[in-house]
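The structure under discussion appears below in the form of structure tokens.
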Amino acid sequence: MSTPGRRADQRRRPLGRRVPERPPQWRVLLHSLTRATPARIALGVFTLLIGAFTALLMLPAATAPGETTTLTDALFTAVSAICVTGLVTVETGVHWSTFGLVVILVAIKLGGLGLMTVASLLSLSVMHRLGLAQRVITAQETRAERLAEVGGVLRVILITSTVFELMTFVALTPYMVVTEHGMLESLFLGLFYAVSAFNNAGFVPEAAGTVQYVADPFFTIPIGLAVLVGSLGFPVILVVVKRLRTPRKWSVHAKLTLSTTAGLFLVGFLGFLALEWANPATFGDRTWPTKVLGAAFAAVMPRSGGFSTIDVGQMTAESRLLTDLLMFIGGGSGSTAGGIRVTTFALLMLAIWAEIRGNPDVEVFGRRIPHETIRQAIGVLVMSVSVVFLATFLMLRLTPYTLDQTLFEVLSAYGTVGLSTGITTALPTEAKWVLIVCMYVGRLGPMTLGAALAVRTRVRMIQLPYERPIVG
């Protein structure tokens, strides 16, 4: 018979058992990534992509003969491509070799796919934290529950982007052949422009830029349509394609995005047409069809497209101010566009209108918008204004340029637009780093902040009494 002391000793020293080995480091890292929040995954993925493509652009093979690439220029270009912005510190069609252009093209494609995927994952993370009743209502409203599987999200995004890029490629390539480009060059230019346009990147592979196409509808119309569709977001595209003949069944998000996009386009089109009609440096010497085409193109590009068929630096001050507003608003949620997003802008305008009318609820298209959603929109607005103000202040301190010029560059970077008054290539190194941060924060900031505000809602058992401070 064993004594209690012996049994205790056997428990302390188990025979025949191995001490469990620690799992490999890569498995620990993978496990931590799978448990990370979508916001952390977004930051990590884009940081890794930026580092990888910066290294590729630093390779001698990426630079054209006679050109030299600094670390700042390589990083700036990589951030601009991954964040699908289009701002450049060197001339894309001159500085980079064919290999360098291919690297930029791949970065744009990965950046565009990654942004839409991360936006979808963030939306799903918010969806899973709503109550059961709200989830059922939202599922009926947006069909978001059908996107709950990551594989389905990736498949829809990949098919959507590939189809529209292919359509743009087919439309542009024959035109490039007709305009005395070689066959291989035409194929490459058509592919580059198609990917750059749909992903709202604004990178131009030609040394002459897109100003040469100001009067060519065969170029501006496909590019403009690709930018416009890309700025809507794949959730809107999916709803419209599935229910094209029944607009009444479209989700509130789709209706709000499309109606606000149409309204902003109309404001931009009429504004640019009136403000630049007699400007000899832009539309003044053109025929009226070219003026109309140019104004329509200019109204689409500030939504995050970044292409321009006129010299932005020669636009009137009023036109640049209008462009500032459109760049700050940006495009649709879940798209490759930047800015605070059109739905954020629309919700803020609806909230102001409800306050003017004395309506306690924000209502649109027969639906009531939750107060939490309005609070999220206000949070995104405040964060965006704060970043733009701080970056503009730093740019004024670091450069000799005016407030008009620096504000335009900052908004173009934060809204991931890519339009420039022509000062980006001449900026000092410190100012380039300010714009790098703006592009990074502008691409991920509103998206991650909106999701963070949505998932951090806490229920308090004890509520403090109300007291109204004086407002206004």
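Numbers here mean position along the shown chain, with the first residue as 1.
Any Cβ shown, glycine's included, is placed from N, Cα and C.
TrEMBL annotations:
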TRANSMEM  41-62  transmembrane segment
TRANSMEM  74-94  transmembrane segment
TRANSMEM  101-122  transmembrane segment
TRANSMEM  153-175  transmembrane segment
TRANSMEM  187-205  transmembrane segment
TRANSMEM  217-241  transmembrane segment
TRANSMEM  253-275  transmembrane segment
TRANSMEM  325-354  transmembrane segment
TRANSMEM  374-396  transmembrane segment
TRANSMEM  433-455  transmembrane segment
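The stretch in 153-175, 187-205, 217-241 that contributes the largest number of Cβ pairs under 8 Å to the transmembrane segment (74-94) is 187-205. Contact between the transmembrane segment (325-354) and the transmembrane segment (187-205) is present: at least three CB pairs lie under 8 Å, with pairs separated by 6 or more positions in sequence. When each of 41-62, 153-175, 187-205, 217-241 is scored by its Cβ pairs under 8 Å to the transmembrane segment (253-275), the top-ranked stretch turns out to be 217-241.
Residues 80-81, 84-86, 88, 92-93, 98, 101, 104-105, 108-109, 111-112, 161, 164-166, 168-170, 172-173, 176, 181, 222-223, 226-227, 229-231, 301, 303-307, 331, 335-338, 416-419 of the same chain, all 6+ positions outside the transmembrane segment (187-205), place their C-beta atoms under 8 angstroms from a C-beta of that stretch.
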